[in-house]
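Taken from Swiss-Prot as is:
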| type | residues | note |
| --- | --- | --- |
| DOMAIN | 5-148 | domain 'N-acetyltransferase' |
| BINDING | LEU79, VAL81, THR87, GLY89, GLY91, THR92, ASN118, LYS123, LYS127 | CoA binding site |
Amino acid sequence: MNDQIKIRKATKEDWEKIYQLYNSLSDEDLYLRFFHLYRITEEDAKKIASNEDHVTFLAEVDGKVVGEASLHKDGEFSLVVHRNYRTLGIGTLLVKTLIEEAKKSGLSTVKFYTLPENTPMIKIGRKLGFKMRFYEDEVYGEMRLTERELNVNLATFSAP
């Protein structure tokens, strides 16, 4: 399926596709994304697509936007994948793309906040090696990019 998934940077012209994606999400999905039920406006979609104070990437399957991920200047990111396209690795691909973008931008840390019941996001965080902290009403995931590279290098190093 990964061959059919296209990850690309959003452009201002993508706002309608982003708006359609968010309007196709269930109330539960919107609650998990925003921590409360919120339906985005056209203006919200235009802001997401603008890349003004963040960078947004889209996941497309057969030309249809099925996922969106935004990375902010402080390293915090958000992610949403339409329910019908979960378990295909789209969320993981989007987060990996954000990690690479963060490295290119010189960020030392990427992080996310989610609700304890957002198991898909928690699974992605664990799979990619985020340090996870669980609180009563939220989960915090953090990856120090320089630390991750060091750990990968040490893990691949073999003593003579």
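Including glycine, each Cβ sits where the backbone N, Cα and C put it.
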Which of THR87, ASN118, all binding-site residues, has a Cβ with the fewest other Cβ atoms inside 10 Å: THR87
Chain-internal residues, separated by at least six, CB under 8 A from LEU79 (CoA binding site): GLY67, GLU68, ALA69, GLY91, LEU94, VAL95, PHE112, MET121, ILE124
Secondary structure tally of the domain 'N-acetyltransferase' (5-148) (DSSP, helix then strand then coil): 61 helix, 44 strand, 39 coil
Cβ-Cβ neighbours of GLY91 (CoA binding site) (radius 10 Å): 23
Span of LEU79, VAL81, THR87, GLY89, GLY91, THR92, ASN118, LYS123, LYS127 around CoA - largest C-alpha separation, Å: 17
Nonlocal neighbours by CB distance (under 8 Å) for LYS127 (CoA binding site), same chain, sequence gap 6 or more: THR92
